[in-house]
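Just below is one structure, and these are the notes that go with it.
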Amino acid sequence: SDHMENIYGYLMKYTNLVTGWQYRFFVLNNDAGLLEYFVNEQSRHLKPRGTLQLAGAVISPSDEDSHTFTVNAASGEQYKLRATDAKERQHWVSRLQICTQHHTEAIGKNNPPLKSRSFSLASQGSANSPGVQRRPSQNAVSFFSVGHHRLPAGKRVPIVQPDHLVDVREMMSQAEGQQRDLIRSIECLPVSGHLTSLDQDLLMLKATSMATMNCLNDCFHILQLQHASQQKGSLPAGTTISWLEPKISLANHFKNGAAQNFPAEINKPASVREEQSIAEPCELTREPEEINPDEELEDICDDKEDDLGAVEEQRSVILHLLSQLKLGMDLTRVVLPTFILEKRSLLEMYADFMSHPDLFIAITNGTTAEERMIRFVEYYLTSFHEGRKGAIAKKPYNPIIGETFHCSWRMPKSDVAADAGSNFPAHSPSEQVNLSKDVEGQAELDYYTVKFVAEQVSHHPPVSGFYAECVERKMCVNAHVWTKSKFLGMSIGVTMVGEGILSLLEHGEEYTFSLPCAYARSILTVPWVELGGKVNINCAKTGYSASINFHTKPFYGGKLHRVTGEVKQNATNTVVCRVQGEWNSVLEFTYSNGETKYVDLTKLTVTRKRVRPLEKQGPFESRRLWQHVTESLRDGDIDKATEHKRALEERQRNEERLRAETETPWCTKYFLKDGDGWVYHKPLWKTVSAAQTQQMDTN
């Protein structure tokens, strides 16, 4: 009661994408259980600009930063607020939670369960049946009888022993299943009549049941931590403890839409239970693994995404999802439905941008700095077509932190020499530097090998690092990408924040480049992808640069997938090459000597990547990690795929929370933090430099 005083002060309130954050004067009215706000303190005597009922509300500190928090009312309305610092946020959150708890409990005391009648949503009759009729003054809480088990007087509650945690988990699982059934039953009610899905009391019941399950989950997690510390003395670094998490996104408890299928926990496939279980010791090993390209086999998977399939069937679910999103909303933490997923991880998608290794290797064959820059632009523009799997816009799996992907390509040397993919003539054998011998002195091979590795180095924000190298040609590329997704109405925009560096060690040149934005358009009809934005490629040593514009389609008229660009010498500002066309169709290159070349991307030879069989992959490698999701999607079993996907995501959340509680930093496997970026732990430029130093010492 000491904390039930009214508090007031200025907070920032998020309004919309256009208006953004605005200072507003907030008042917590504890007596009425209301959170009110005004334009400023001087207008406090006027009618509030907005009011939220706190009974049944959920107060959630945001993990985006230490200042932001949200107030989710039982009615479905939400305030996103920001304090000036972490201390002020804690002050407001604690007072709001106390007020919310007080008024939520008051509702329960004022509306005891009716002993004379019961009501089951699962077995409801028609709207006119006696079981559905109620007086207007009755609260929905009255229709749900809740049993309270009380211990005899003077009897102490026994301490939960470690071996009882299994029983506790079983009961928690049953309680979650019942809570999901309750939510589904409420959302299946009609939108009109005596008892509707929009009934204020039922909305409040959804919110309070969600808050109750969250509280129980937190208590159960504390028991697990206590048990683990008792068993091992203290929590070792990297230990993974599995606990229950809410299976439904919070927004689904405040909005009504299409009914969702929530399979019971006990019906989960064994593979799902395995994915949720405590990680094996081998999964905790973060030592870099050297992948032998000879163990990799040519990939036979060809999962094109040209079939709308479930997207057509699940349009109501998409509408339900869109109804919960706001313009400009960050989608990083939004759980999207499984049926819109591609059958590959984002890390593998980055690898598919390397599907023309002959053009990649041919870059370093350029005899002049101008020629090498032009070849890089040609390769860059031809990489996006194969990176997309089909014309339908689907989303690759979000990699979990620590996930990796390995592959390689083998390219016959004769193919690179005979058809370099440029208008420039091929080099004669005497002009080519013989670098095809392995560094360990093995016999010369008749093909080049391009090796690729990618790793998800961060979860929040989601950052991926990837690296590719061709040892024989002394060239490598290192990049890191932070994918930022936003809701744009009938489109979804993805900004690729980051930078890549191509190193041509034979020439001592580095080329920095960025990536365009991607947009999923027409998400309610036939979704399709387009690229947009300006990217730059620069080589500081040679003074050559390229500017490339990916043009989005105008509202009226205009072509799809249009791209234009130019390569120029910075010192003289001379344009040496111009390019125009479509990044997924035909590109036209016009050179300074007047020659023109057309490249039909649909006819370019795609070199299949080589990947290790699943049985030889590590547990955190993409294909093995997502294999059950991929198999279920191929079989068209969306529910099963959803369960497998949810299990992986829950395990990631569990591990992330444990690391935060034990203050254990995440250790990456292949990439090291370097300023604002990430660098491969053993890049080719280090290897070559060390070899040259050793050779000089020997001489």
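Cβ coordinates are placed from backbone N, Cα and C, and glycine is handled just like the others.
The compositional bias 'Polar residues' feature in TrEMBL is assigned to 117-136. Positions annotated as domain 'PH' by TrEMBL: 4-101. As annotated by TrEMBL, region 'Disordered' applies to 104-136, 638-658.
As a summary of secondary structure, the region 'Disordered' (638-658) carries 21 helix, 0 strand, 0 coil according to DSSP. In the domain 'PH' (4-101), helix, strand and coil residues by DSSP number 19 helix, 40 strand, 39 coil. The average pLDDT computed over the domain 'PH' (4-101) stands at 87.
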